[in-house]
Amino acid sequence: MAIMSDKWIKDAVMNQNMIRPFAAKQVRVHNKEKIISYGLSSYGYDARVSNEFKIFTNINSTTVDPKNFSEYNLVDREVDACIIPPNSFALGRTIEYFKIPRDVLVICVGKSTYARCGIIVNVTPLEPEWEGHVTLEFSNTTPLPAKIYANEGACQFLFLKSDQICDTSYAERQGKYMKQVGVTLPLT
């Protein structure tokens, strides 16, 4: 597997509609204000988080159970900036919609701006022929409230191209998160 360059990413966007909307260069300023960057980078794509968040709460004193997940664990917010409580967790989603080629696996890493503030983003791999908005998992590892800015860069996706096409893609095995739109909760 090889990591793919900005040139390959641009070609995949133009020929396979891999990312939409797509920013062909790094965007660092919006309306004359500095923002957390997003867009095409040398060997990846920095995606934005939308204004749709689900923040974990203990108001209802429920248990977080991945096999029987309750929406009572969360508070929904549509905001320009999401405040994550100390040592807590929130879900968001990318603005960008991804369509992954059959011979590509995508991994996500955090942005240093957030990581240096104790905010960690986690995403499981985007598998061959998966498509949808990516649900982003944000952890606030600090003892203080932490802020995530909507419509700004949140994470970077790295595209790994295989030298061999997989026998069965995510679409063919009818993965449960196929074509997800919005913040998607755990499914079993």
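Just so you know, glycine gets a Cβ as well, placed from its N, Cα and C.
Note that the coordinates shown come from a computational prediction; the quantities given were computed from them, not determined experimentally.
The secondary structure of Glu137 (active site, proton donor/acceptor), as reduced to three states from DSSP, is extended strand. Taken from Swiss-Prot, the feature active site, proton donor/acceptor applies to Glu137.
Marked as dCTP binding site by Swiss-Prot: Lys111, Ser112, Thr113, Tyr114, Ala115, Arg116, Thr135, Leu136, Glu137, Gln156, Tyr170, Lys179, Gln180. Of all the Cβ atoms in the protein chains shown, 14 others lie within 10 Å of the Cβ of Thr113 (dCTP binding site).
Separation of the C-alpha atoms of Tyr170 (dCTP binding site) and Glu137 (active site, proton donor/acceptor): 21 Å, rounded to the nearest whole number.
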